[in-house]
Structures are given as C-alpha cells and as structure tokens.
Amino acid sequence: MTAIKIDGRATAKKINAQSAEQTRKLTQKGVIPGLAVIMVGDDPASAIYVRNKERKAAKLQFNSVVKHLPADASQAEVIALVQRYNEDPQIHAILVQSPLPSHLDEEAVVMAIDPRKDVDGLHPENLGQLFAQVGEDFPVACTPKGIMTLLSQYQISLPGKRVVMVGRSRLVGKPLLALLNNANATVTLAHRHTTDLAELTRSADIVIVAVGQADLITREMIKPGAVVIDVGMNRDASGQLTGDVAKDVEDVAGYLTPVPGGVGPMTIATLMQQTIQLAAWQTGQVVD
Ligand SMILES: Nc1nc(=O)c2c([nH]1)NC[C@@H]1CN(c3ccc(C(=O)N[C@@H](CCC(=O)O)C(=O)O)cc3)C=[N+]21
C-alpha cells in the first residue's frame, strides 16, 4: 500500500484564493490587513517561514513589516517593539518568531502582545479560551489550525478517533490537544518522557508529530492505514528539508503529509487567513 499524499500546497492555494477575495473587499472599505513579524537571531526554520510569509503577504497586498533584530537584542528592545505594534492601528497581527535566543524571556514577550493582535494564539488568554471552548472570536495557532483544515478537506473524521500527538510545544502540541479534543477525538499527548512511544503510536488512527527530529517515526510505529501528519522541519546532510517521519512510513500509512508541501504551506495560508480575520474584528468589519 502507498499512502495518499495530503497535498498542503493545493489546499493552501484554495485558502489563499479566498484570502485574496476577502482582502480585496476589506481594502475597498479602507482596511488593509497589517501583519508585523519580529524575528530575533537566525533560527533556520524561522528564516524559511519569514521568507515564504513575506512573499505571500506581498502577493495579497497586505501591509507587511518584518523586523529582524540581532541575536543579542535585549529583552527591553524586543518588548518595546511589541508595544509599538500593539499601539499601531495599521497593524492587526503581531507574530514573534519562536524560538527566541535563550537569553530572552519568551514568556514575558508573549505576555506583552495585545491578545487581540496575537496571531499565533500564544497568549494565555487565547490559549485559555481555546481550552475552555469559549466562543470562536479569538486567534488560534496557525499550524494547528491549518492541520485541522487539512483533515477536514480530506474528510478525515475525528469523533471517537484515537489521536496520538507527539510533542507538547505551546505553538503546536498544546493547541492541537485542545482543537482535537474539541472535535471529539480521543487525544493522547506524548513527549520526551513518554515510555514505549512505538506501542502508543501503533494504537493510533491518527499520528501527528511535531518534535524536530528526523526519522523519529518509523514504519513499525504506524498502524496500517493510519493518518500521519508530519510537522517536522529539519535539514538533512545535503541541506534538503525533511520532516520527523521516515520515508518508509508511506508504505504503511493510509494518508501522509509530505515535507515540504504538507503542513508548511498551510501554516502560511492560515496566517494570512487569520490576519484578515483579526483586521476585520478590530475594525468592526465582517469577512465571509
Ligand atoms: N511564532 C512562530 N510561529 C510559527 O508558526 C513558526 C515560528 N514561530 N517559528 C518557526 C516555525 C517554522 N514555521 C514554518 C512555517 C512554514 C514553512 C514553509 O513554508 N514550508 C514550506 C516551504 C519549504 C521551503 O521553502 O523550502 C513547505 O513545507 O512546503 C516552514 C516553516 C513556522 N514556525
């Protein structure tokens, strides 16, 4: 058996077409979606993201700014920049690239973002609303939201399914735990202290992996026909982008997201979608 490839590029294209239409309508009403990205230092995964995001934001004619600070930027400098964008009415969405260099307090930086402009849904107020299932008018992390869109596009149903989420980051694992639970899946969150990961993943109908370790998930760890979602972004020895899932998993899985071309393009498309949504909320407009 060969897994059906979940085409993130094609799905992202559909969403981007909708986003272009919504941006056109908002711009006619005098609202240009504004996205500010703050990157400190030179994390390689962040560099890919910033480049692709810039390209897409320009294509959609957003008001897009990227501030690249040196790796030794101070905490006060980063927070001052966040506060400047909090107060700027032309900016509706603020994204601080993760990870920050280790001398910076990521928690304090996230807390400084106005929750209404927190396009990554990292602020505890937004993450808390997601867990509490209060309303739908708050931002949710773009990668998790993009994965939910992919599952829905491929009509992969969630109620009662056993999902194993490998990785518990604030950006991916934690929001997905809430989103999948809210969608009535039975979710197990696995991480570096999990014992016998293979036994756990073999019991899953859906395995999602966001760890950042090439070949972490191998074919013996997957139940035949299972859905495998690869969020990994690693570079191999020859500089090629690879995920966390080994190549031979495609021989047993029912569905598989490729890297590149799977989750990555969905993250970008969802970021654009959510920036538009935040712009509409902040200006009393409705997008449909
Ligand atoms: N606050 C924050 N939010 C993030 O969402 C975030 C972050 N920090 N830090 C870095 C990681 C990494 N990330 C990527 C998103 C898309 C691609 C992407 O576009 N990938 C494409 C293109 C690959 C290529 O151009 O070679 C693909 O997989 O097909 C890559 C990486 C978001 N991240």
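Backbone N, Cα and C define each Cβ position, glycine as well.
Positions annotated as NADP(+) binding site by TrEMBL: G167, R168, S169. Within its own chain, R168 (NADP(+) binding site) has K174, L177, L189, H191 as residues 6 or more apart in sequence whose C-beta sits under 8 angstroms from its own.
What TrEMBL records for 6-120 is domain 'Tetrahydrofolate dehydrogenase/cyclohydrolase catalytic'.
Note: the domain 'Tetrahydrofolate dehydrogenase/cyclohydrolase NAD(P)-binding' (141-280) comprises 54 helix, 26 strand, 60 coil (DSSP; helix = H, G, I, strand = E, B). Taken from TrEMBL, the feature domain 'Tetrahydrofolate dehydrogenase/cyclohydrolase NAD(P)-binding' applies to 141-280.
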Quick one: give me the count of other CB atoms within 10 A of the CB of S169 (NADP(+) binding site).
18
What count of other C-beta atoms do you get within 10 angstroms of the C-beta of G167 (NADP(+) binding site), across all chains shown?
23
DSSP puts the residues of the domain 'Tetrahydrofolate dehydrogenase/cyclohydrolase catalytic' (6-120) at 60 helix, 19 strand, 36 coil
